[in-house]
Amino acid sequence: LAFCRGRVVRVPKGPLIRVVGTEVVIPCSVSDYDGPSEQNFDWEFSRDTDFMRIVSTWDSAFTSEEYQKRVGLGDIKLRRSSNDAVELVIRDIQPTDQGTYKCSTPSTDATVQGNYDAEVQVKVISDGLSVSGSKARSSMSLRLSEGDSFKLRCSAITTSPEHTHLHVTWQIKSGSAWRDILSLTHEGKFQPGPGYEERYRNGDIRLDTGANDTYRLSVSQASSVDGGAYRCLVSEWVRGADGSWQKIQEKSVEIASVAIQRTDVVISTSNVSVTERDSLDLLCNITTDRSGIFQAEVMWYFSLLPDDSLSDAQVLLSMDRDSIVSDSTLISLSHVDRNSFRLLVRDVDVEDSGYYFCQAAVWVPLHNGSWHKVVERTSAPVSVVVTALEPDYEVFLNASKMPKFSDDPTELNCRITNAQDTEANIRFTVSWYYRQHLHSDDVVTEELLATMDADWTLLLGDRSRERTQKGEIIFFKKAVDTFSLRIQWTSENDRGDYFCVISAWSRHRNNSWVKSKDVTSASVSIFWATQDYTLTVEAVKLKPFFVAGHTFEMTCKVSSKNIKTPRYSVLITAEKPLTDQSNPNGTTRIISLNQDSVVRLEDWTDQTRVDGVVLEKVQENEFRYRMYQTQISDAGLYRCVVTAWSPGGGGMWREAVNGLSNPIQIDFQTSGPVFNASVHSDNPTIYQGELADLLCIVTTEGMALEPDDMSFDVSWFAVRSFALDREPILLASLDRRGIVTQSRRNGSSDLSLERISPLEFRLRVHGCEDHDFGNHYCVVTPWVRSATGVWQQEPDIKAKPIFLSVKMDVLNAFKYPLLIGIGLATVIGLLSCLIGYCSSRWCCKKEVQETRRERRRLMSMEMD
C-alpha cells in the first residue's frame, strides 16, 4: 500500500445536468500529495478535442482570450473552500458551456505518482419549469376570522428532456424571512416545516395534488400565526451518475396575502375595589369581526394568583352556547348583548379578593348541523380588592391587683371600650404579651403568653405553658368586654411590662372567621423593689475537751434578713484529713434536716453506729448536732451548711440563699501505738497452675498492747499493670470478726484468706493463671480497745505493693500436642504404606512376557 500511494485529483462523477441560465458549481479536490498544504488548481474546457484554459489559482495569465471577458466580469471564477479544494463557479451557464471540464494540479511531489488531473462532463438543458398561481397576475388578498379555513392553489409543470422530479414547498412570510409550512419532496414524501408538525398530524394543514399539475394547500382552524404572505416554491431535481439527487433549478411565485382577525376576550374594568357586603359587577366583551352565525360559551374563573394558565383557578359560573347558566346562589351571569356577558357577585366578602378571568369560546355551525369550536380565549386577569368593614373600638389595660412582694398575686384586666359597628358577625379575642425590663437601651422582643383563635381556643406560649398547666397562671374572661390575666404567685422573673391585643374577627358567608383588625393596649409595668437576702450561720462547740469514745456536740445558730417567713434546712459536713482512704475528696456529707424537719443520713456508712449521729431542731433558728462514741477516724473539721427557704406558689418552698458556718475541729491527742504493714512472698515468680503465697505482716511501735486489745480489718488489692497506672481491684477482705469476703472472679483460679497469727494474714492464690499477675498489696484498718472498753478505729495503713509474676511452663504446654502430632504422623505413614502395598499387589498387577536371551561368554581377542 505504501508503494501504491500517490496524488489523487477528484471531481464529481458526470455527466452533470444543469439548466441554462442557472449558476453551476463544480468542486475539485486533491489528496495524498507532498509539498505545501495549499495546492493550486487549473481549469480547462473542451467542446470537442482541444482544451481551452479557463482560470487558475496561481497564474493570472493562464486564462484564454475567449474567457478573459467573462472571468474579468466575475461570471466565471474560482472559489477556494480549503487548502486542497476549490470550486469552479459559472454564474450564467449557456448552451455553449456544454462540454468537458478538466481540473489539474501542478506537481509539488518529490516523485511523480498518482493522477494530476480529472475530467467531468457538463450537459446544459433548456429551462422547462413553469410555476404559476391564480389566473390573475397579482396575488390575491384574503381577510379571515380566527378559526376559519382557507385553501391556496399553485400550478407547477416541467417540459425538461431529462427525467426530473419536482419538489413543491408552501411558505409563509410574516416578518422578514420565509418559513416552510408543508412540502411534497422530489421523493414523493410529505414534510411539515418547523412548528407545523402537530397541526400536520391533526389534519389542520394538508397538501393535495389535483388535475393540471396543481398543488393545493388547505389550512383549518386558522390562528393569528397564519397571517402573512404565502408563496409556492418549486425546485427541479435530477438523479446524478453517482445515484444522489441534485437540485438543478428553483422557482417561486407569491400566491396570496392572508390577514387573520384575532378574537379577543376583554373584561371592561381593569382593577376594582369594592367594600364588604357590596356587589361586584364585571363585564366580559368578545371582540370579533365574524358576521355569520355563531354562539359564544363563557366561563368565569377566580384565582388568588394572576396566573393565566388557570391551573389553580376556581370555576365561578359558566354559560354554554345554548345560554344555559350553571346554578349559583350569590353569583349570576347574564347575556347583555351578542358579544357581552355580565358577572354579578352579591354580598361580597374579604375572601372574594383576588383575580378574575373570563374565558370565552366561539362556536360556528357546520353543514351537517353540528357545532364546531373555532377559537377559545382567556382574558387578562382583573384584580379585585374587597375592603373589610372594620369595627371601631379602643382597648384599656389596668391592674386590679398589684404585687408588693414576691409571691403576691397579680391580676390584669383588658377591657374593650367605645365599641362601634360591632354587629353580630363580629367576635373579639385577646392575646397577652410580656416584655422584660432592661436598664440599658437594648431592644427586647415581646414574648407571647397566650392567644385565642376565632373559636376562643386558648393557645399558650412557651413562657407560660408549664405554669398555666400547673394552675399558677390563669387566663379567663371576666365579662363580655373584659379579658383577665391572673398570676397566683408572682416571682421576680415575672417583673416587666404587660400589654394585651384585642383582635376583631368577621364571619364570612361560609361561616368561617377572618381577622379584620388588631388594637394594642398601653403596657402596664409590674415591679417592686427588692433587697439582697442575707444569711449568717455560727457553729459553737458545747464541750471544749473530750476524748475518744465520748460524745461530740455542737450547735448552729442562724440569722437572716430580707427573707419573708423563712425556714431553714441544715446539712452537717466533715472535712477529713487527706490520709483518710474512705473519702479521697476530703468532704463528707453526714446528716441533713430539711425545711420540714425531716432528718436523713447522707454519706454515713458506719453500720455499727447507725444511731451514732443525731441532728435536731432546738429553736426556729438553732440546730444541734451530736455524735456518740467518737472514734479516732472521726477527726476533722465539721461545718453547718444552711439553706434558707421562703414560701412559694401553691404551697411550695422556694430556695432563697445558702450559708456556711465556721469550722469546728475534732482532734484527738493520743500516745498510742503506731502500726505498720508490709507484704512478703518467698516466691514472687511462679508458673501457671502453681500456688502463690502472700503474707501481710503488721508491726507495732511505741506503746505495747495485749493481743486481745487490738484487732484488724485486712483487705487485699491487685493492680493488673507494671506501673500502677490502673484502678486497683479488690480480691478479698477479712474483718476483725473473722468474716472473709471475696470479690467475684472470672478465671479458674481460686483465693483463700486466713489469719495465721495475731499480726500475720496470708493470701493464697490456687491454680494461678496468667491474669493473676500484677502488683498486690494489703490495706489494714487497726482497732484498739480503750481503757473504757470502747473499740477505736485507727487510720488505715497501706502496705508497699509486691509484684507477682506468672510464667508459662513451655514443656508441659507443648508435651501433649507433640505426642499427639507424632502419633498421628506415624499412623498416617503406616496407612499410606499399607494402601501402596495392597494396590501394587492386587489392583495394579500386570504380567510382562520377557524373551529369553542367550547368554554367551565373550571370546578373547586371540580366538577371534
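Glycine is no exception: its Cβ is also placed from the backbone N, Cα and C atoms.
On a predicted model such as this, the values are computed, not experimentally measured, just so you know.
Over the domain 'Ig-like' (21-113) the predicted model carries a mean pLDDT of 89. The domain 'Ig-like' annotation in TrEMBL covers 21-113 (among others).
The annotation domain 'Ig-like' is assigned in TrEMBL to 146-254 (among others).
The domain 'Ig-like' annotation in TrEMBL covers 263-360 (among others). Under DSSP, residues within the domain 'Ig-like' (263-360) fall into helix, strand and coil as 3 helix, 52 strand, 43 coil.
Taken from TrEMBL, the feature domain 'Ig-like' applies to 391-520 (among others). Using DSSP to sort the residues of the domain 'Ig-like' (391-520) gives these counts of helix, strand and coil: 8 helix, 74 strand, 48 coil.
Per TrEMBL, domain 'Ig-like' is recorded for 673-781 (among others). Secondary structure by DSSP for the domain 'Ig-like' (673-781): 6 helix, 62 strand, 41 coil.
The transmembrane segment annotation in TrEMBL covers 816-837.
Taken residue by residue, the domain 'Ig-like' (21-113) breaks down under DSSP into 12 helix, 37 strand, 44 coil. Residue counts for the domain 'Ig-like' (146-254) under DSSP (helix as H, G, I; strand as E, B; rest coil) come to 12 helix, 62 strand, 35 coil.
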